[in-house]
Structure formats: C-alpha cells, structure tokens
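K.L.:
To start, I am sharing the structure in question, which I have written as structure tokens.
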Amino acid sequence: GGSCGQCRVHIKEGGGDILPTELDHISKGEAREGCRLACQVNVKNDMEIELEESIFGVKKWDCEVISNDNKATFIKELKLQIPDGESVPFRAGGYIQIEAPAHHVKYADFDIPEEYRGDWNHFGFFDLESKVDEETIRAYSMANYPEEEGIIMLNVRIATPPPRNLSLPCGKMSSYIWSLKEGDKVTISGPFGEFFAKDTDAEMVFVGGGAGMAPMRSHIFDQLKRLNSKRKISFWYGARSKREMFYVEDFDGLAEQNENFVWHTALSDPQPEDNWEGYTGFIHNVLFENYLKDHEAPEDCEY
C-alpha cells in the first residue's frame, strides 16, 4: 500500500500522524491541511473525513469485451462495451478501476499478431504464467474521450518480469487483461480522476510515451473534437521504434484538420528498416532541446 497515491482523503479529526510511506505523495503543506492516503490510515477511534464530491458519483458496470488488439509489441488496446442505456460520465484525463478475479493465465494463450511475436519468442515470454488466488483491482486511464460514447478504451502494457529473471511474478492485472477475448465480461468502476485540463487559453504541451498514450489521446481528442479548442497544442510522443508507434493516422488527421495542433515522435531505438529521419532519443530531452529551451515563456504552458 501507499505506492500509487490515488486514495487521498482530507482528515479533519483523528487518524494520527502522517506516515513516511505517504510523504512521497503528500507535501508538508498538504499534510498540515489534513491530506492523507486512506490506505495508510489506521482507524482506531472515531474520525471526521472529507471526500471529494465526485466520489459519490462512482458506479460499477459489468461490461463486455468488444476487442483486445495489439497496438504495439507490449501494448494492447482493450475496448469495452458499456451496458445498453448506461454511460460512464467521465472527463478527459479520467480513469476507471478494473476488477480481475482469481485466475491462472498462460502467456502461450495470448493472441499476439505475427509482427510482434519475434520479441516475445526472443525473451521467452510465451513460457510465462500468472497465478493469482485473490481478486485484484487496478486503475487505468481512458484512451477514449467523452463523446466516444458507450465504450471504455484502455491502453494496457503487459508487466512482464525482467528477461534476466523470469522467475519473478508477472503483473497480476495486465496478465488478466491480456488474456481477455471478445465477448468476455469485465467489471469496472468509476469515473475517477484529477488530471483534467484547465479552462484557459494557455498553450498546451502534452508529453508521454508507451501506454502513457491513453490520457494524451483522451485530452487531445477532447480539446480538438469536442471543444473545438483554438489553444496552441503540441504533442510529443516517445516510442522505441517505428513498430511501437500507434494512433499515427489519428494524430496525422488531427494535425491536418487543426492548424493549432502539431505532434512529434522521437524514437529511442530506431531500427534500420524504419528509415527514420525524425527525432531520436528520449522524448523529454527532445522536447526540451527542440522546443522548450527556446520558448519565450515555458512556465505559462499547461503540461
């Protein structure tokens, strides 16, 4: 417990002193105001707590898997159908929690397209298994935006052990999600979140890599498709090689349709067959060296 920092509450009375495990997520100023991580608070006496109003809008849905396709070697796009007549009233940048029952998953049963199987064979990942004897709950950001109604779309990276030590346990939730097939039933709850865009005209700079694509896509689609925003928006995305890039046509289309939007990709390990002439290296360095370093007022941007 205490690792994700998502269960913040404000304790107005009781609860004892803040624990060292909470200080990575809570500043001294926030602690003075009573901010705590709920999972770290021992309830020994009566307490008075204050919760965000949005918590009371949280619901559960039993969804059905529409598709679960690879978008990159180690990233799947899980698309879930919300029950008819229902909707998840989330904001761009929000997340849901997904439940995994006890399970025994064999990686050899995963549906992996041929173009991605080389790395899986090379690292011996098809020999892995995930055995979990209790329910697991994890949080994932939505990749869809609010007007893509009736669905929940997630980008899920498989959490394998390091190739040099495959005896370590696999990721409980990612293993379960990667095993899902069309028609399977999945329980989610939500919506949750605090990573929301501010209602200003400030320039927006989005930076992410890998499965961090999900909230970026949600935010950018929401700004340009739903809000028709005229804010200056740039997206800086990092991938290992050209094969690991996804949603390329979507973002190319947005750039063509919106003169206020540009996007850039940097590859950290481009392959010879990529014939890559774009940026190389890690995306945060590329962003700084090629844009923010010479920006007139980077502190005024919304990141």
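The backbone N, Cα and C atoms fix where each Cβ goes, glycine too.
Given the structure is predicted, the values throughout are model-derived calculations rather than measurements.
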K.L.:
Going by the [2Fe-2S] cluster site in Swiss-Prot, where C4, C7 are listed, which of the candidates C35, C39 is also part of it?
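P.N.:
Swiss-Prot names C39 for this [2Fe-2S] cluster site.
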K.L.:
Sequence gap of 6 or more, C-beta under 8 Å: which same-chain residues meet both conditions with respect to C7 ([2Fe-2S] cluster binding site)?
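P.N.:
Those within reach of C7 ([2Fe-2S] cluster binding site), by Cβ under 8 Å and sequence separation of 6 or more, are L37, A38, C39.
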K.L.:
Can you tell which of C4, C39 has the least company, meaning the fewest other C-beta atoms within 10 angstroms of its C-beta, among these binding-site residues?
P.N.:
C4
K.L.:
Which are the residues of the chain, C4, C7, C39 excluded, whose CB is within 8 A of where the CB atoms of the [2Fe-2S] cluster site average out, their centroid?
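P.N.:
Nearby residues not in the site list: G1, G2, S3, G5, Q6, L37, A38, Q40.
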K.L.:
With DSSP, how much of the region 'Catalytic' (201-303) is helix, how much strand and how much coil, in residues?
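P.N.:
Helix, strand and coil residues of the region 'Catalytic' (201-303) number 47 helix, 23 strand, 33 coil.
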